[in-house]
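Feature annotations, reproduced from TrEMBL:
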ACT_SITE  B:THR190  active site, nucleophile
BINDING   B:THR153, B:LYS179, B:THR190, B:GLU276, B:ASN400, B:THR405  substrate binding site
There are 2 protein chains.
Amino acid sequence: MAVGPGTLPEFFPVAGVRLGIASAGIKKPGRKDIVIFELAPESRVAGIFTRNQFCAAPVTLSRKHLSVCAPRYLLVNTGNANAGTGQQGMADAVSCCQALAEKAGVAAEAILPFSTGVIGEPLPVGKIVAALPDALESTSEVRWAEAASGIMTTDTRPKGATCQLDLDGHTVTISGISKGAGMIRPNMATMLGFIATDACIEPELLQTLASELGEGSFNRITIDGDTSTNDACMLIASGQYNGPEITATSPALPKLREALRAIYLELAHAIVRDGEGATKFVTIEVIGARDQQEALDVAYTVAHSPLVKTALYASDPNWGRILAAVGRAGVPDLDLAALEIFLGDVCLVRNGGRAEDYSEERGQAVMDGEEITIAIDLKRGDVAETVWTCDFSHDYVTINAEYRT
Amino acid sequence: MAVGPGTLPEFFPVAGVRLGIASAGIKKPGRKDIVIFELAPESRVAGIFTRNQFCAAPVTLSRKHLSVCAPRYLLVNTGNANAGTGQQGMADAVSCCQALAEKAGVAAEAILPFSTGVIGEPLPVGKIVAALPDALESTSEVRWAEAASGIMTTDTRPKGATCQLDLDGHTVTISGISKGAGMIRPNMATMLGFIATDACIEPELLQTLASELGEGSFNRITIDGDTSTNDACMLIASGQYNGPEITATSPALPKLREALRAIYLELAHAIVRDGEGATKFVTIEVIGARDQQEALDVAYTVAHSPLVKTALYASDPNWGRILAAVGRAGVPDLDLAALEIFLGDVCLVRNGGRAEDYSEERGQAVMDGEEITIAIDLKRGDVAETVWTCDFSHDYVTINAEYRT
């Protein structure tokens with residue numbers, strides 16, 4: 001179950017980024033569960049990681065390696081998160097990096113490891129190492145679609161976005177893939193995102209873009225409010241295009257930033273559209289807030305309310321549940337009489353109660369759609385924030401009650 | 001679906017408290033949906049109410065009336081919460097109080113109104129007023145069981161607790177009823193609790209007891225994290241027993257407080273056991289915290305995690321989900337290596353990973369039970385807090401996706 005068609009695009013290859021896929025049989029025999037990114041030597045990489053304090057060993061190790069030298073390989077495995085695995089987990093992550101480094105002839109610190117899957121099971125290092133030769137031999141610039149499938153866990157479909165743009169006469173390519181699909185909430189989730197461009201971007205600017213774009217997209221989606229231990233969203237700039245290095249003062253930066261932002265949003269939204277059991281894609285806009293914190297508090301309280309989410313699943317315009325969620329969001333001195341809540345273009349709440357011109361029919365018409373926007377105007381400031389989420393269905397319970405079995 | 005037998009006790013009548021039940025047909029024709037408490041003139045009443053900023057009209061009015069004079073009647077209706085109904089909602093609540101006041105020959109301010117049910121629908125004042133004569137005529141001290149049924153909404157069974165104790169040679173009776181069963185979370189919920197004793201309790205002490213006992217019981221239960229607009233838990237002291245007034249310095253106070261605490265806990269736990277779709281009764285104990293806030297943050301983050309709750313539903317000892325929830329609870333500088341997590345008497349997590357002596361079999365054995373305790377020792381202080389919750393089942397989704405239809 002997922003919202004919208006969600007078909008993969010025809011990926012534009014990114015010069016300097018080769019993808020390798022292999023099967024280690026970590027969880028299911030024959031399943032393609034290893035994906036490697038092979039990067040040209042001049043490549044630069046930046047990213048953001050989960051803020052869960054119990055981050056997995058690969059997250060800790062990737063952060064460390066990023067600070068040591070320029071990455072040459074990203075090593076992704078699914079089926080096992082190598083999280084909650086203590087010291088052995090760290091040793092296992094190091095072993096995988098060392099094995100790939102030897103075979104590829106680079107330093108172990110040039111490998112960034114990423115794992116996703118079950119928490120608390122020992123990482124099957126032997127299986128992963130045994131699959132590395134296949135992964136290395138298979139690298140190619142045209143395997144984005146296979147890589148998108150290779151990083152899936154409970155995802156029902158692969159997720160990708162791609163585009164080309166002209167920067168001062170030079171063609172820039174951007175391609176990316178992502179995976180979800182549960183334990184998704186701000187500050188990353190069981191979520192992996194890999195976005196690559198052949199543009200040459202000054203390192204500090206690259207990190208600024210990775211943080212800013214990740215914050216406004218991957219860190220604004222939530223399926224169930226559970227933040228995972230493993231998440232990462234990486235931005236790769238291979239520098240293989242034939243244009244000049246882009247810096248914070250480059251006239252071309254705004255156009256590049258917008259193109260990257262569109263790719264980030266498309267990949268983040270794709271995770272919500274494929275949220276576990278999702279039948280609705282829901283945009284929650286809070287406007288008229290005094291500051292960002294209260295805007296986010298209201299947006300996430302509504303987005304995480306099981307009663308709101310089950311009402312969305314039922315296509316039930318149960319605005320009382322939305323109002324109740326806003327009321328418990330912890331925003332001081334909310335003026336109920338001033339507040340307005342819209343479902344699509346239909347005003348639900350005004351003057352402290354159901355809007356005079358509201359009718360079940362009009363609310364139902366909006367709720368019957370697959371894509372729903374809930375807008376909440378707090379009428380007390382000029383700060384706005386948007387969060388994307390999905391509904392809460394029987395399938396969510398089924399998927400998560402049976403995940404390990 | 002509910003946890004445990006949950007049969008009603010044989011209620012001890014409380015001298016000075018008469019209960020009346022009637023059918024107003026608010027939501028379903030013939031359904032007993034009106035309950036009144038008729039209190040002896042000497043009665044004293046204290047209580048706690050929802051902290052949802054968008055509290056319903058009856059909550060606002062009950063708070064106001066409590067501050068004006070001693071209550072003589074509590075008027076409870078189910079089927080309609082009279083919440084999110086704006087100024088009309090307040091006018092409707094006032095009308096109901098005035099109607100009962102006239103028929104009973106007391107001041108309108110001596111009526112405390114309580115409503116629970118659908119949010120945002122106009123209160124059917126006419127139906128309620130028409131049922132008041134029946135309710136008044138039917139008052140009796142022995143109708144606690146019928147009253148317990150009369151205040152139910154989505155509850156699958158009535159909830160009550162009762163006891164008698166000897167205070168310095170004088171018999172004191174305590175009886176109470178409560179209802180849930182969704183939108184339950186700290187700071188009240190769609191939850192109503194009425195506890196009555198024939199003891200004579202000094203007014204200020206009565207409010208202290210109502211606050212302290214409600215905080216440790218009704219404000220420590222959560223089904224889905226949604227705090228309702230209507231909740232109230234009232235403590236009635238009719239003063240009809242033949243003992244002296246109990247004050248903050250009475251030697252008899254500790255014994256009375258413990259008896260009341262047991263009744264409060266039994267009524268609060270009964271709501272969780274009958275939580276919407278509940279198949280497990282889960283106690284979450286956090287110990288070794290530096291302060292109450294971080295203890296509660298951890299307890300509620302685990303209690304509200306949809307992934308933990310669906311694993312509980314599946315009887316799946318998925319300790320990785322518990323660990324991940326603790327990690328995102330926002331407690332600064334948590335020491336993962338020191339932290340310990342227990343499932344019943346089985347240690348799940350130690351030294352940053354799965355406990356050496358843990359086995360799926362032992363975890364499964366605990367999970368297979370209907371009553372499960374998750375204990376989290378933060379190992380950083382001496383503050384402890386306990387929260388009670390239930391699992392997250394298919395039935396929860398079904399109930400809340402179909403509530404209005």
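The backbone N, Cα and C atoms fix where each Cβ goes, glycine too.
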Notebook entry, point to check: Which of the binding-site residues B:THR153, B:LYS179, B:GLU276, B:ASN400 have a Cβ less than 8 Å from any Cβ in chain A?
Noted result: B:ASN400
Next item on the list: Tell me the Cβ neighbour count for B:ASN400 (substrate binding site), meaning other Cβ atoms within 10 Å of its Cβ, over all protein chains shown.
Entry: 28
Check: Where does B:GLU276 (substrate binding site) sit in DSSP terms: helix, strand, or coil?
Finding: coil
Next item on the list: Return the single residue from the binding-site residues list (B:THR153, B:LYS179, B:GLU276) that has the minimum number of other CB atoms within 10 Å.
Entry: B:THR153
